[in-house]
Amino acid sequence: MGSLPEPEIHFSNKTPLGIRFIQHVKRSKLSFRSHQAFVLIVTFFAYTCYHAARKTTSVVKSALDPQSSPEVGLNIMPWKALNLESSPGNSSSPILGNGWAPFNGVDGTELLGDLDVAFLAVYAVGMYFSGHLGDRMNLRIFLTIGMLGTGLFTSLFGVGYWLKIHSFYYFLVFQMLAGLLQSTGWPSVVAVVGNWFGKSKRGLIMGIWNAHTSIGNISGSLIASSLLSYGWGWSFVVPGLIIAFVGLVVFLFLPVSPESVRAEQEDDILDSPRKNGEEIREPFLRSDSDDVDKAVGFIEAWKIPGVAPFALCLFFAKLVAYTFLYWLPFYISHTAIDGKYLSSGAAGNLSTIFDIGGVLGGVLAGHISDRLNARAITAASFMYGAIPALYLYRSYGHVSLGMNIMLMFITGMFVNGPYALITTAVSADLGTHSSLKGSSRALATVTAIIDGTGSVGAAIGPLLTGYISATSWNNVFTMLMGAALVAGLLLTRLVMAEVASKIEESRLHTRSQVAGELDV
C-alpha cells in the first residue's frame with residue numbers, strides 16, 4: 001500500500017530563509033510552543049550580544065586611563081596604592097602602564113565620561129525613532145541592520161588601537177554611531193516576543209528572558225577582560241564580530257510573528273492568547289483590518305495611562321543601573337578591598353557579580369508582580385530597597401572581598417529588578433493597553449518611549465559620575481540613592497491605585513463569601 005503524499009507547505013514572503021529551509025526539510029510545521037521557545041532563544045542571544053558589545057567600554061576604561069589616581073575621592077588606605085601591579089618599564093603609573101592618548105591625560109576621566117554620554121544620548125534619541133520605524137517595518141530586517149551596524153562601529157572603535165589613532169573625535173564619532181545602531185535592538189526584540197506571548201505569566205517569562213541584559217554584561221566583561229592582555233583593541237573587535245554573526249542568524253531564522261510562519265495556536269499552549277482569552281482585549285496577532293493594523297502615533301502612545309509615570313521612573317532607574325554598567329569596574333579597580341587594589345581585568349571579572357544579582361532581581365520582580373498582579377507596587381518596592389543596598393555597598397564593600405561580593409550581589413538585585421520589569425512586562429502591558437482599541441502595532445513605539453526616556457537618564461548618570469567621582473565617590477553614591485528615591489516616588493499614584501484596587505477586591509471577595517454562607 002503506497003504512502004500518502006506529504007502536504008506541500010506554503011510560506012509568506014516574510015518567512016525567514018532559514019525557517020523555510022528547515023521546514024521544507026522536515027516537511028512539517030513546528031508546533032506553536034516550539035516557535036515560542038525558538039523566538040525566546042534567538043531574541044535572548046540577540047540582545048545578549050547588544051549588551052556584551054556595550055559593556056566593553058567600561059572594562060577598557062582603566063587601560064585607556066590608568067593615570068587617574070586611585071586615591072581620588074576614596075580616602076581608603078591610600079598608602080596601599082604602592083602595592084599595585086605595575087607594567088615593566090613604567091614608573092609613571094602603578095596600574096596598567098601609560099594608557100592611551102588622549103585618555104591618559106589629566107582630563108582622561110572626563111573624556112571617558114563624555115564618550116559614555118555621547119553614546120547614550122544618541123542611543124536615547126535613536127530609541128524614539130527606532131520604535132516608530134519598528135512598528136512600520138519588518139522587525140527581522142530592522143533588527144538585522146541594527147546588529148550588523150553595531151558590530152561594524154564597535155569594531156572600528158577598537159581598530160583605532162592598531163592604527164595608533166589618538167584623536168578623541170575618532171572615538172567619539174564611532175561611539176555615537178554605535179549608540180544609534182544599538183537603539184534598534186530593544187524595541188525590536190520586545191515587539192517580537194510580544195507578538196508570540198499573551199499576558200498570563202508575562203512578568204515571570206520576561207523576567208527570565210530579560211536575563212540577557214545581565215548575561216550580556218557578564219559575557220562582555222569576561223571577554224573584554226580576557227583580551228586586554230593582547231591589546232585593548234581586541235576587546236572591541238571580538239564582541240563586534242560576535243554581534244554581527246548573530247545578526248546574520250536573526251536574518252536567516254527569526255520568525256517575527258505567528259503569521260510569518262503560519263503557526264497555528266494550540267488549545268493547550270503555554271500562555272497562548274487563545275487559552276488566556278486575550279484575543280479581543282489584547283491581541284498580539286495582527287488582523288487584516290486596516291483599523292487594527294494602523295500604527296499608533298508618538299503623541300498618542302504617550303497618552304496611554306501609565307506610560308508617562310513608568311517612563312519617568314525608568315529615567316532614574318536606568319541612571320542608577322547604567323552608572324554601575326559603565327563605572328563599576330573602574331570604581332572597583334580604584335578602591336582598596338581589604339587593603340589591596342585589583343587589576344583592571346580582575347575588577348572587570350568581579351563586577352559581573354552585580355549582573356548575576358540582576359538576573360535574580362529581574363526574575364523575582366517579574367514573578368512577584370505576576371503573583372500580586374501589581375507592577376507599580378513591585379517596581380517601587382525594589383527601588384526603595386536599592387537605597388539601603390547602595391549605602392551598605394559604599395560603606396562596607398571595602399572591608400573584605402567576601403563582603404564586597406555579597407553587597408554587590410544584593411545591590412544588583414534591587415537595582416536591576418525594577419529596571420528589568422519596566423522595560424519588559426510593563427512595556428508589553430502598556431503596548432497592548434485597552435485604550436488602544438485592539439491595535440497590535442504599538443508595542444515597539446511604547447517600548448521605545450519608555451526605554452528611550454530611561455536612556456536619557458542612562459546618559460546623564462555616567463556623565464555626572466565622570467565629573468563627581470573626581471572629587472568624591474561618596475557624592476556619586478549620594479546621587480544614586482537620591483535617584484532611586486525619586487524613581488520610587490514617581491510611581492506613588494499608580495501604587496495607591498493598585499493598593500485601592502486590592503482593597504476593593506478583598507472587600508468583594510469577603511462579601512461573596514458572606515453571601516455564600518447565608519445562602520447555605
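Glycine too: its Cβ is placed from the backbone N, Cα and C atoms.
Quantities reported herein were computed from a predicted structural model and do not represent experimental measurements.
For 42-500, the entry in TrEMBL reads domain 'Major facilitator superfamily (MFS) profile'.
Taken from TrEMBL, the feature transmembrane segment applies to 141-163 (among others).
Within its own chain, the transmembrane segment (169-197) is flanked in space by residues 35-36, 39-40, 43, 46-47, 50, 53-54, 57, 114-115, 118-127, 129-131, 134-135, 139, 142-143, 145-147, 149-150, 153-154, 156-157, 160, 205-206, 209, 254, 256-258, 271, 284-285, 423-424, 427-428, 431-432, 440, 443-445, 447-448, 451-452, 455, which lie at least six positions past its ends and keep a Cβ under 8 Å from the stretch. Positions annotated as transmembrane segment by TrEMBL: 169-197 (among others).
Summarising the annotation, TrEMBL assigns transmembrane segment to 209-228 (among others).
Summarising the annotation, TrEMBL assigns transmembrane segment to 234-254 (among others). Outside the transmembrane segment (234-254) by six or more residues, the chain places 16-19, 22, 38-39, 42-43, 45-46, 49-50, 52-53, 56, 59-60, 140-141, 143-144, 146-148, 150-155, 157-159, 161, 192, 220, 223-225, 227-228 with a CB less than 8 A from a CB of the stretch.
As annotated by TrEMBL, transmembrane segment applies to 307-329 (among others).
Residues annotated as transmembrane segment in TrEMBL: 341-365 (among others).
Among residues of the same chain six or more beyond the transmembrane segment (372-393), those with a C-beta under 8 A of the stretch's C-beta atoms are 203, 309-310, 313, 317, 320, 361, 365, 404, 407-408, 410-411, 413-415, 417-418, 421-422, 425-426, 429, 477, 480-481, 484-485, 487-488, 491-492, 494-495, 497-499, 502. What TrEMBL records for 372-393 (among others) is transmembrane segment.
Long-range contacts of the transmembrane segment (405-430) within its own chain (CB-CB distance under 8 A, at least 6 residues past either end) are made by residues 186, 190, 193-194, 197, 199, 202-203, 206-207, 209-210, 213-214, 304, 306-307, 310, 313-314, 317-318, 320-321, 324, 350-351, 353-362, 364-366, 369, 375, 378-380, 382-383, 385-386, 389-390, 392-393, 396-397, 443, 446-447, 450-451, 454, 484, 487. The transmembrane segment feature in TrEMBL is assigned to 405-430 (among others).
When Cβ-Cβ distances below 8 Å are used as the criterion, the transmembrane segment (442-464) is approached by residues 113-114, 116-117, 119-121, 123-125, 127-132, 134-135, 139, 183, 186-188, 190-191, 194-195, 295-298, 301-302, 304, 307, 310-312, 314-323, 325-327, 419, 422-423, 426-428, 430-433, 436, 476, 479-480, 483 of the same chain, each at least six residues removed from its ends. If you look up TrEMBL, you'll see 442-464 (among others) marked as transmembrane segment.
Residues or ranges marked as transmembrane segment by TrEMBL: 476-496 (among others).
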